[in-house]
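A short worksheet on the structure shown next.
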Amino acid sequence: MAGILAWFWNERFWLPHNVTWADLKNTDESTFPQAEDLYLACPLAFCVFMIRLVFERFIARPCALALKIQANGPQKAQPNAILEKVFTAITKHPDEKRLEGLSKQLDWDVRTIQRWFRQRRNQEKPSTLTRFCESMWRFTFYLYIFTYGVRYLKKTPWLWNTRECWYNYPYQALTVDLHYYYILELSFYLSLLFSQFTDIRRKDFLLMFMHHVATISLITFSYVNNMARVGTLVMCLHDAADVLLEAAKMANYAKCQRLCNVLFIMFGLVFISSRLGIYPVWILNSTLFESWEIVGPYPSWWVFNTLLVLLQALHTFWSYLIVKIACRAISRGKAGKWNPLHVSKDDRSDIESSSDEDEVPPPAQKNHTNGTNGAHGTNGYLSTSPCHDEH
């Protein structure tokens, strides 16, 4: 184990030439980021998660009910042992051949079986009230941390001159405010990672899991090798658009359509301008060129910049999706009001809209001895799917 740790913390990977970990030990005169500082984020992540539960129960939920957001979820599918077994053990999206086989076995028409699977899938999705509470929690946190980041960075020289991120690097002292900023951001994303295993499992579980892991890795990486100054710029820049996105989702859940549209437009403008404009011109220029000129490259420098460039590629892809969503919404809204977020259905939580034929009650079933439960079909759950974010 000692050999593995020595290999992992190799100074020639993490630090510039002629710098050792001993040079960055804390002294009475100065304090530097230490890897063990990040251990504090684990218990704090649990505290953040508990605060979230209290917030959603006693603040967000009353707000949602005051806005007349209903707590009930989609209509439940009628109990049926055969279909339930297929759903849980085989597939949640049966193909045409399987549907025809089930139709003969149950003496149900295919549309009724399709409706049953749609309703059963919807049962596993959170209600609009639950999604509103989640968005309100994230909105509150993003608003707080973004406000804190702006107030903190206004007092720092590297906000106005990014070359300050690299002067005297890596011998840059760790301040209390910077440490708090990093630990709180890391704790929040750790809590999101943890909550994925306690919340209702969603379709993009793996994608969001990888997103949270990548974010946590970047925060941890930049702290350990003391690239915290440029790290604060990256965090603050990304939090700006997230505030507007969560606000737009809340407005949509509350059926405030005009406000939702305005907030989505603001989100799109801020997202594209910050991540396709400010991020590459301001941050990547500093990490790639200014740091090369002042500090020079070394192994972890290449890794850090590779991650930041990959992040820029994701920004480009997400910006394309936002533009595509807006164009679709405008096209659909030519004959009336438009909903930009409705076009971008989030598979994590949107209720699947029923087709027109779902309005027709299914025919009565014949009594059989094949193990079916219940005597009658049910109507499909009719809803307009709530809007969510594009990523």
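Note: Cβ is positioned from N, Cα and C throughout, glycine not excepted.
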Can you dig out which of the ranges 38-59, 302-323 TrEMBL describes as transmembrane segment?
302-323
Which residues of the chain, 6 or more past the ends of the transmembrane segment (135-153), have a CB below 8 A from one of its CBs?
52, 55-56, 59-60, 63-64, 159, 177-178, 181, 184-185, 188, 232-233, 235-236, 239-240, 242-243, 246-247, 249-250, 253
Under DSSP, the DNA-binding region (85-128) has how many residues in helix, strand and coil?
31 helix, 0 strand, 13 coil
